[in-house]
Each structure stands twice: as structure tokens, then as C-alpha cells.
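TrEMBL annotations:
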{"type": "TRANSMEM", "residues": "64-84", "note": "transmembrane segment"}
{"type": "DOMAIN", "residues": "64-243", "note": "domain 'Membrane insertase YidC/Oxa/ALB C-terminal'"}
{"type": "TRANSMEM", "residues": "130-151", "note": "transmembrane segment"}
{"type": "TRANSMEM", "residues": "171-193", "note": "transmembrane segment"}
{"type": "TRANSMEM", "residues": "205-222", "note": "transmembrane segment"}
{"type": "TRANSMEM", "residues": "228-247", "note": "transmembrane segment"}
Amino acid sequence: MYKRRRQMALVFLLLMTVVLVAGCSPNMKPITEQDRAQAGIWDKFLVIPMSDMLDWFKDVLGNYGLSILVVTLIVRVIIAPLYWKQIKSMEALKKLQPKIKKLQEKYKNNPQQMQQEMLKLYQMHGYNPASGCLPMLIQFPILIAFYQAIVRNPHIADANFLYLQLGKPDPYFILPLLAALTTFLQFIVSTSVADNPQQAQMNKVMMWVFPVMIFVLAYNFASALSLYWVYGNVIYILQYLLVFNPLKRKLAQEGTIH
């Protein structure tokens, strides 16, 4: 339960970081040749390569809407092993819950000893509590860089895809609604039923809070970023249903947690 709370707090903090860094960065001017020559680590290895990738796929596919889809697919494939590691970590924690509860009951008056015994239990079973946060820690810098690549791309701001001008928010709320809906569906598909009533209640709250937050962000941000969210959510849902969930069932049948 406490691990889940820490994860949710981390997600909320990172979402706020996205808003602050993406919206308040002092350098949101279009990328120039001078920027390329004087780029720091952030621009050189993340923002500019993503912007160039968007341009390259646009030239191949004919528009930036499809280019964003391909780049999103590439990002999701790259971080898929990290998501699988997170899922395995959560399954491992579920299998350890009976032993954790016994330790909590046994050492309820000695929190320090309880922590030591729980660390021993984790080490014995090869469980790393920090592994569940790794995909989030990697995804959010990518999201921030991707947002900046869109905003600072000198060509994309005026580009069109369907009825959208990709450099501006969706005027008809369709993308924000789709982003919120697919975020909700992602929670439905990937969130396991919790045995703990408090954790179940927390899951329920987050299932509604996150779509609302995504709607607000998508309403205010460029449509290109909203497309990224919609594409990313749909791709993850398909990954989970077609790849992660079958692997998770196989893992449960094997009875292993390593």
C-alpha cells in the first residue's frame, strides 16, 4: 500500500514537472542552426534528435500526424521492457504480501526492525522496490523533451493533420476527450483488483483523477502533444492485452517472482 502511494505521489510530481518545465522553460524559441551548434546535453541528445526524427518521418509519410504516430510507437517499443519489469515487480510484491503482513504484525511495535526484516525478505526473493518507478522516471523526461521538440520545431506549428493545427490546442475538445478516455481505459485494462480496501479505493480515485488531469493538459497544450498521448495510450493498451497480460498469466502459472 505504501509503495503504491509513493508511486502515485511520484506520478503526480512528475506530471507537475511536465507542466512547469514544458510550459515555463525560458528556451522555447524555434530551433536554429545556432542552437544546434551551441546545444547543451538536453537539447543535443533529446530535443533536437526528436525534432529531426519528426521531420524525417514527415518527409517519408507526408504529414506530421503520422510522423508523431511512428515516433510514439518507437518510444513505446523502447520503454516496453521497462514496463514489463514494472509489471513483474508488482506481481512479485503481490506474491510477497502474505509474508509482508506477517512481518508487519510481528514487528508492529518496532518499525526499524520491521524495515530491516522486509529488506531481507525483498533481497531473499530478488525484489527491488525501486524497480516499479523506473519506467515513470524515464518516460516523463521523454515526454518533456517531446513537447519541446514539437513547440520548438520551426515547421510543425503551422502544420495540419485532419482538422487540427498541430501547434495549437484542439478547438473542438475532441483530442482532450480522447486523451482522457484512453487514459481511463488504460487504467481499466492494466490495474489489478486490489485485496486491500484502502488500496482499492486509492486505485479508484486515481482512475478518475488522472484522466481529468490529462484532459486539462491536453486542452491547454499543442494538439501534437495530445496526439502523442492518444497514440501512446492506445499502443500501451494493445501492448498490455496482446503481450504483457499473456506473459503475466504465464508468470503466475510458473509461480516465480524473479
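The backbone N, Cα and C atoms fix where each Cβ goes, glycine too.
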Of 64-84, 171-193, 205-222, whichever stretch has the most CB pairs under 8 A to the transmembrane segment (228-247): 171-193
Feature contact check the transmembrane segment (205-222) with the transmembrane segment (171-193), CB under 8 Å, 3 or more pairs: yes
Distal contacts, the transmembrane segment (64-84) - CB-CB under 8 A, six or more residues away: 50, 53-58, 134-135, 138-139, 142, 146, 155-156, 159, 161-162, 164, 166, 224, 227-228, 231-232, 235-236, 239, 243-244, 247
